[in-house]
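Just below is one structure, and these are the notes that go with it.
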Amino acid sequence: LALHPQHRSSLLARERTMAMAMTTTTPSQSHSQPLPVILLLFLLSAAIPHLILEAAAAEQDEQQPITLADCPNKCGNMSIPYPFGMKPGCFREGFQVTCNDSFNPHRAYLANSGAYQHIFEEHDRVEISWSRSSSRSRRGCCEAALPEALPITVLGLAFTVSQTNTLFKTNPCSYAMVVESLWYNFSTPDMYGYEVLPNRYPRGVPFVIDFSIPNGSCPAKGQPPPPDYACVSGNSSCANATSGQGYVCKCLDHYDGNPYIVNGCQDINECKLRDLYPCSADGVCKNRLGGYDCPCKPGMKGDGIKGTCADKFPIAARVILGGIGGVFVIAAISLLILLHKEKKKTREFYEKNGGRTLEKANFIKLFEKEKLKPILKSSNFIGKGAFGEVYKGLLDNEQVAVKKPITGSVLENEQFANEVIIQSQIIHKNIVRLVGCCLEVDAPILVYEFLCNGSLDDILHDNRKVPLNLGVRLSIAAESADGLVYMHSKTSTKILHGDVKPANILLDDKFVPKISDFGISRLIARDIQHTGSIIGDMSYMDPVYLQTGLLTEKSDVYSFGVVILELISRKKATHSDGGSLVNNFLEAYKKEKKATPLFDEEIAVTEDLKILDSLASIAVECLNLDVDQRPWMTDVAERLIILDRSRKSQFTLHVPV
């Protein structure tokens, strides 16, 4: 291998890549013939050291250019990077390579350029130093580096070792070779003659070259580079040659490629080269232009590059947090279990209360428990009765009264469902309309239309003493009776109220009465109290019903008689002193056949006394202890309607025109 004298400094053997390997033999084994050395140029892997940071870097971008545009970059399976090149215009002066295609694979050689300058010729002498600490020191072979400061141009000739060398008197060397550092592995047959190596390595031994750009140096700081400056790539730097003249180009740290071509140095993805650019398992590798970062994972602190990532929280804090988390997990699981049980229980209640049957009834609304929860608050509470608690609320833009039983119920689902169906079909102006119900609780919650004036009991006995003339009272009595008649005889199934009293007669904004708390309410209330038969206010209860437990239409007639007495007297059925309105009224009526002293002063005017006496007479008949002597509800309603019409016509006649 030789160079033109003009480019003597462009090819220099370096200590990093070249060593002298020598074998020793006994004198009888020595030969005088030289061992040929075939020098193989591995240009891609050694000519430009910075082109391949590592093999993995080459894999990073196989398409990254290494030559000038439109220039061949291969000789056989060997890459030829610029400044080397094979075609005119593809290499820098002094770096031409020829590709010999007579070999398989093809071989690359530095092109001959005329005269040769030989530094080592046959029989020339080179002194090397060797010590027993050499890494290759062993019996039969030694290896030593060539001097770094000595510029060497290597010829394709053999090396021999003088037998008169006094340094190897005990084990004189028989031959030597220039070879890539650390490549040669000693084998005992190598000691018996130089012809062994050519047989083992017919293609020769590997030899790695180093080079520099001759006839120039790196520009001084702040000075522009010369016109023929070789380091043309961005992100590259210049370094003066350590041996001889010239300079070399290299890519900056964290860049890789060919610094001798434009844009040849490209950013390295350090995250793909973890062996060269460490990032611990607790770090998150993030590539950036000209470097990389390795911050610790969330929840950790430290340096991922140095491998010092550690949890932000100490063990004690983690234990505490873990304990708290465990409590929350247990609480969440418990909550899920409770919700599952609650859902299961809700479904059981729904089916027990006749949900399957009522699903088929299109005229009744079935409300979910969650929808009624906002209404069932203490702020919406408006009253309490035998049935339970009553709340006022808004459902589907309609004012409603929600009636919630006080305790649980053990009603049979078919019984309750049938009552709901019956009552939902009742459409009468004097009967409270059932809007719907909720079946997802133990005792069903009922939803009725809301009446703003409350109950008749509130109007009659409230401390505010709302003015109530006889005409309004008579209309309330007549229309309430009409509602009871409808229940007794005009529905598909006879409905007995069982607890007729002023508290169960509700009034709208025009004082139109509506009967409430019958049918379903009575059914649930009876089941709650477990009386089996008798349920209701004793002050209005039919004595016969109390004795026999048999509820009939005449039982409602008796209770309605007490209601008439309260309307005309505005006194409670049971006095605060324990006295009974019924007893007092009946005693007075027996004596004088009238009860004028008991009439409410507000309505006891002369022109209305006759109507009041008629009302008292109807009440007495309803209160007869002989059931057979009591009138039917239809009779009571007709007589009250007649009285109401009579008074209205009488009132019309007396009104001045």
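Don't overthink the numbers, they just go from 1 along the chain as shown.
Keep in mind that glycine also has a Cβ here, set from the backbone N, Cα and C atoms.
TrEMBL annotations: computationally assigned, not manually curated.
Note that the structure is a prediction, hence the values are computed from the model and not measured.
The following features are taken from TrEMBL:
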- 267-310: domain 'EGF-like' (DOMAIN)
- 315-339: transmembrane segment (TRANSMEM)
- 376-642: domain 'Protein kinase' (DOMAIN)
- LYS404: ATP binding site (BINDING)
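Note on LYS404 (ATP binding site): other Cβ atoms within 10 Å of its Cβ, all shown chains, come to 20. For the domain 'EGF-like' (267-310), the DSSP-based tally of helix, strand and coil residues reads 3 helix, 12 strand, 29 coil.
This prediction places the mean pLDDT of the domain 'EGF-like' (267-310) at 92. In the three-state DSSP reading, the residue listed as 'ATP binding site' counts as strand.
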